[in-house]
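These features come from TrEMBL:
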- 1-299: domain 'Kinesin motor' (DOMAIN)
- Gly41, Gln42, Thr43, Gly44, Ser45, Gly46, Lys47, Ser48: ATP binding site (BINDING)
Amino acid sequence: DFTFDKVFDENTPQSTVYQHAAAPLASEVLEGFNCALISYGQTGSGKSHTMMGASDGKRSGMIHRLIKDVFRQMKESPPTTEYLIRCSFVEIYLEKVLDLLNPVNHSIRIHSSEGDRGVRMEGASEACCFDESDVFSLLVRGNACRTVSSTKMNTDSSRSHAIFIMKIEQKDNGTGISKTSQLQMIDMAGSELGGKNQAAVSETKGTAIHQEARMINKSLSALNTVVKTVVSNQEACGGGDNGGGLHEVPYGQSKLTRLLRDAFGGNCRTSVILTASPASYNVAESIRTMKFGHICGNVKNYVKPSVEMSPVDYRKLL
């Protein structure tokens with residue numbers, strides 16, 4: 001048996017999925033919490049449709065709805081509050097972190113540290129955004145550069161993990177309180193069993209697709225191992241922070257697990273959306289997806305907002 005917070009059928013409107021799975025992140029990221037929205041599932045099961053969807057209307061995806069919600073809430077905040085929004089868009093393809101906003105940039109590095117700083121991605125292009133239309137333009141621009149291939153499971157299959165990051169810095173000039181946070185939105189490449197993804201193509205292209213599938217499955221397997229280890233550690237010490245190092249969590253096994261270190265066991269509010277095919281032909285992959293999601297539900301993250309007070313306010317507390 002599997003336990004989830006909510007289950008949706010294929011006829012559920014995008015708006016309903018958003019309200020249950022993603023909407024709370026909009027207010028939480030503006031409260032200073034780091035947040036992550038992740039889609040996980042088999043190739044062709046609807047991950048990209050769920051996350052990206054259409055740019056507007058009823059088919060608008062989770063990312064567009066979440067961004068609109070964040071900007072709406074910023075507009076409703078006190079006039080004394082100033083915001084600085086910076087966005088990055090990268091993909092992990094064949095274990096390389098590629099810049100979707102500047103494809104010639106090959107200098108992206110992932111750094112992780114204990115404590116409040118957590119995971120940092122250095123070298124990726126950042127664009128300042130003044131409203132949601134600026135952010136949507138970056139999404140369109142980045143998605144046009146994303147690596148896709150035609151496979152048996154999907155004629156336009158994403159062959160990379162795409163990560164869109166929105167960093168938010170805010171300061172209330174009335175109170176002197178500053179907050180910094182980031183919102184990660186991750187559209188993962190599809191998990192798949194060998195053979196199902198291969199298309200009737202040339203030998204060269206077939207070899208490339210096979211290599212892509214192998215690297216995708218390797219990174220997703222590493223993510224499964226990370227999540228299982230985090231849960232095992234936490235259960236062994238009664239829910240403590242990753243078990244206090246009972247077993248080393250292998251975050252370094254892949255670029256994906258390094259980038260998602262905070263999302264699973266760290267300082268981050270994380271929501272995972274699972275997508276599965278209703279076809280009996282895909283039951284093995286669907287069960288694998290359910291198992292992963294069930295384990296994710298047992299991860300305990302230890303979150304706190306990044307809030308700084310002005311020196312004047314600090315003195316008032318003394």
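Counting starts with 1 at the first residue shown.
Heads up, the Cβ atoms here are built off N, Cα and C, so glycines get one too.
Summarising model confidence by region, the domain 'Kinesin motor' (1-299) averages a pLDDT of 89. By a simple count of nearby Cβ atoms, those within 10 Å, the most crowded of the binding-site residues Gly44, Gly46 is Gly44. Around the Cβ of Thr43 (ATP binding site), 24 further Cβ atoms fall within 10 Å across all displayed protein chains. For Ser45 (ATP binding site), the number of other Cβ atoms no farther than 10 Å from its own Cβ, over all displayed protein chains, is 26.
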